[in-house]
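Note sheet for the following structure.
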Amino acid sequence: MKAIILAAGLGTRFKSEKHKVLHEMLGKPIIWYVLNYIKQSNIVDIALVVSHKKESIIEALKHENVSFFEQANPKGGTADALLSAKAFFEGMDDYILVTNGDAPLVKPDTIKGMQRFLHMVEEYEKIKVGALVLSSFLPDPTGYGRIVKNGKGDVIKIVEEKEATYEQKQINEVNGGVYMFYVPYLKEAVKHLKPSEKTNELYITDIIEIMTNLGYTCRSFMASEITEIFGVNDRWELSFAESVIKMRILENLARSGVTIHSPESVYIEPDVQVELDAEIFPNVVLKGNTVIHKKAKVMNGSYLENATIKEKATVLPMSYIKNSTVEEEAIVGPMCHIRDNSVVGKGSHVGSFVELKNAKLQENVMAKHLSYLGDVNIGKKTNIGAGTVVANFDGKQKYQSYIGQKAFIGSNSLIIAPRNIGDFAFIAGGSVITKDIPPKALAIERAELKILEDKSKVKDE
């Protein structure tokens, strides 16, 4: 089976300079979700029909294995878009999936179910289905095309809302906009397409009635969820679709053994991995290729992007971690900033208002308060006092520093990179370190304290 995605529409209701299918939900463009459910259905030969702003779509999908076809007239209608890719299904004796580029909520299992249905009909009824239409029942079907059936339950046509009779408007089964056509029958049916008298467009839905008139059987297949048939036509529908996908992700994680508190407030992107017995608290954001390992906790309001949180580690509230790793049983936060390939070693603690930039902390390092540690490797069991700064930038270049194991860096110390601080070294609080400190040495660098009696400028009133 092959697949064709129709993405040639103008998308005027988005009111955007960007093509509709490139607007993002959970960090991925709409078209990514469409491609994803097709590929997860084991369909690898995929074509995309484009027109309006085609260059941006082609550029966005340059790493995808898809073929592109251009619809010369983007107002030609959905069937005209399909015919623009006629060369893609020329010579096929199989079914072809046709779906819309703005329909990201279809599930892979639904497409697989449609494929199985076609095989069952062929096996037991010994016929080819001309068209299988994804459908759903809506309590209020206003605005949707109605699925009209005969007494045997076969679909005989799809009637759009504006053309439906009163009786047809009472039908609650609606068109989901996803089709599987048997290509030999499709090629015969499109020969009989005629433009709409009202819009002069060629509609893909007209193919169903044409196939019926040619004697071909058409059927419908019920979507497992109503939301699967919802398209994305404006920014509000984009927000709704994003919330549907997000809740699917969260439900899947929860049913796989992850505790998620107040899931409506949690944001998790599709590529994020969360393992058994991990715990996610309210207002957490997990983006990119973030991985949360077993029994780890990410607490309220934390933002993680391409972060790895190892087993039993804890991210305390309001922490920001990007492109970095927190090792087993480490604690970070609250309100810390960890970035640029930093590593917090096993059992280490990085506390409030501590920033790590390309910093590598080995096991059991303590840096609990108000510090900036940039471009530095710190040995195990070293203590970093409050207010410590490793100054890594001289205005032109950044430099690397090394602090050994079991060193003690006193509060308010300033280490001017590049520096080597040896194992077991002790730096007294308030020191400015401009030289390397050998192992086991005590380093004190302070200006002499002067007390000038009666020189205070504070007036005694």
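Heads up, the Cβ atoms here are built off N, Cα and C, so glycines get one too.
Listed by Swiss-Prot as binding acetyl-CoA are Ser411, Gly429, Arg446; the candidate from Ala359, Ala367, Ala386 that the record includes in that site is Ala386. Of all the binding-site residues in the list Leu6, Ala8, Lys20, Asn175, the shortest Cα-Cα distance to Gly429 (acetyl-CoA binding site) is found for Lys20. Outside the region 'Linker' (236-256) by six or more residues, the chain places 14, 23, 25-26, 30, 33, 104-105, 227, 230, 263, 266-270, 272, 274, 276, 280 with a CB less than 8 A from a CB of the stretch. Comparing the binding-site residues Lys20, Arg339, Arg446 on other C-beta atoms within 10 angstroms of each C-beta gives the minimum for Arg446. Highest Cβ count within 10 Å among the binding-site residues Leu6, Ala8, Ala386: Ala8. Rounded to a whole value, the Cα-Cα separation of Arg339 (UDP-N-acetyl-alpha-D-glucosamine binding site) and Arg446 (acetyl-CoA binding site) is 32 Å.
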